[in-house]
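Chemist: Residues annotated as compositional bias 'Polar residues' in TrEMBL: 455-464. The domain 'PA' annotation in TrEMBL covers 12-73. If you look up TrEMBL, you'll see 440-486 marked as region 'Disordered'. Here TrEMBL flags 96-117, 144-166, 172-191, 217-234, 240-257, 269-289, 334-352, 364-387, 393-411 as transmembrane segment.
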Amino acid sequence: MIQPLFLCFPNRIPMVMRGNCTFYEKVRLAQINGAKGLLIVSKDRLTPPAGNKTQYEEIDIPVALLSYSDMLDISKTFGKGQLVAMYAPNEPVLDYNMVIIFLMAVGTVAIGGYWAGSRDSKKRYMKHKRDDSAEKQEEETVDVTPIMICVFVVMCCNMLVLLYFFYDHLGTMIFCLASSVGLYSCLWPFVRRLPFCKCRIPENNLPYLHKRPQIRMLLLSALCIGVSIIWMVFRNEDQWAWVLQDALGIAFCLYMLKTVRLPTFKACTLLMTVLFVYDVFFVFITPSFTKSGQSIMVEVAAGPSDSSTHEKLPMVLKVPRLNSSPLALCDRPFSLLGFGDILVPGLLVVYCHRFDILTQSYRIYFMACTVAYGIGLLITFVALAVMQMGQPALLYLVPCTLLTSLSIALWRRELPQFWTGSGFVPAIVLAPINCTQTAAPPTKEASAKPESPTAEEQASQSEDSPQDPPQKTPPVESNEEGKKPN
């Protein structure tokens, strides 16, 4: 029977408004007063109950959520009391959305690795002079040092803890700013090929505009900022906002893979090993320190249960469940993959592609590392299905990619060069010039018919050194033993 909440209701299932108290307090009160179950009515979004696992071990009755509109319909249709039954079908172990996440993750790593490696090689061997300052900024990269890796990991830990305690607004603002920059970086190489809007703004003293950028640069910036604002406004629209979030997330990941560069395999190993420990610690160890018994990583990724706005972390790729699920009637469930699970192995893929190009190894390292990333992601999905809990993806991705790259280097006998990055040297090395060497005596044929320099030689002489007037010097023989010439 469905009844309003009274002091005693044996063998009944009461309905209560969600209110301000916790789920645990509601359910415990209902269980003490003899209820066989509890229906919690909510006027807001239907968020599944969550809380401290040790507290819920005391609960023996089922709990279900009900929207306020459905409660009104039930009251009008069936009256004050009716027979009810609770049904909870089993959820499917795997969902088809894993295929979409797999394709997005592997595609982002492959495209980002190929794009960044090709761009770096072009930058080394073709030194174009660019007039636009924005294009110069786009070509800049950041070489990561061991000190930077340590600072980065400390910042990641601090940011994760800050998101855990100040979740509601911090993640949204960071994602909007980062995704705008990433989207601009990905679209600008295509926009600058367009033949229109190349004119510049007039001279001015305004900040960020005193360098007179092109009109199309400003239009593209406004477009990217507008897309991020649209996502921020409609980010809780589960029907379609996840598509926009994934597109912005992929653009941000591509931008980071193009900008951040690991100079050696040693740096790759150090970064991935430290983040491997970081990921495992925040997933498997932190449940021992939190009040709810949930890991900090899972709480931040899925959204804290006590969040006032029920925000979800935007720094993830998310795809809704495609299988028919009863949970979709209350709260649309999503499968998530964090950006770090794409960027950290992706930096190694970028390094492998750069090493392939500069050592002319036909992209063996790049292809092997990309395939290893896909295999590691499949292992992550299998572990997720078997354990039925959130998994640290780097636990499987780091060994797969690192060991594969190391095996290829050992097989090709290039481990010293691959470890230190010594393959990244200019292809042309100029021989040293001995300034003390004297001219050799010309032959009779050369003195009889001196050859006139070609146009290319004249041009190179005019660029390298100023032309001196010809001077007649007597032929002098050079002595190899270091004696003075006669």
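Note that Cβ sites are derived from N, Cα and C of the backbone, with glycine treated the same way.
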Chemist: Pop the mean pLDDT for the domain 'PA' (12-73) in here, whole number is fine.
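Modeler: Summing pLDDT over the domain 'PA' (12-73) and dividing by its length gives 76.
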Chemist: Counting by DSSP secondary structure, give me helix, strand and coil numbers for the domain 'PA' (12-73).
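Modeler: Counting residues by DSSP class gives 20 helix, 15 strand, 27 coil.
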Chemist: Among 144-166, 269-289, 334-352, 393-411, point out the range having the most Cβ pairs under 8 angstroms from the transmembrane segment (96-117).
Modeler: 334-352
Chemist: Please give the sequence-distant neighbours of the transmembrane segment (334-352): residues at least 6 beyond its ends with Cβ less than 8 Å from one of its Cβ atoms.
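Modeler: Residues 95, 97-98, 101, 104-105, 108-110, 112-113, 116-117, 144, 156, 238, 242, 249, 252-253, 256-257, 260-262, 264-265, 268, 271-272, 275, 279, 301-302, 312-313, 315-321, 365-366, 368-370, 373, 376-377, 380, 393-394, 397-398, 401-402, 405, 421.
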Chemist: Which residues, given as numbers and ranges, are at least 6 beyond the ends of the transmembrane segment (269-289) yet have a Cβ under 8 Å from it?
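Modeler: 144, 146, 149-150, 152-153, 156-157, 160, 262, 295-298, 340, 344-345, 347-348, 390-395, 398, 401-402.
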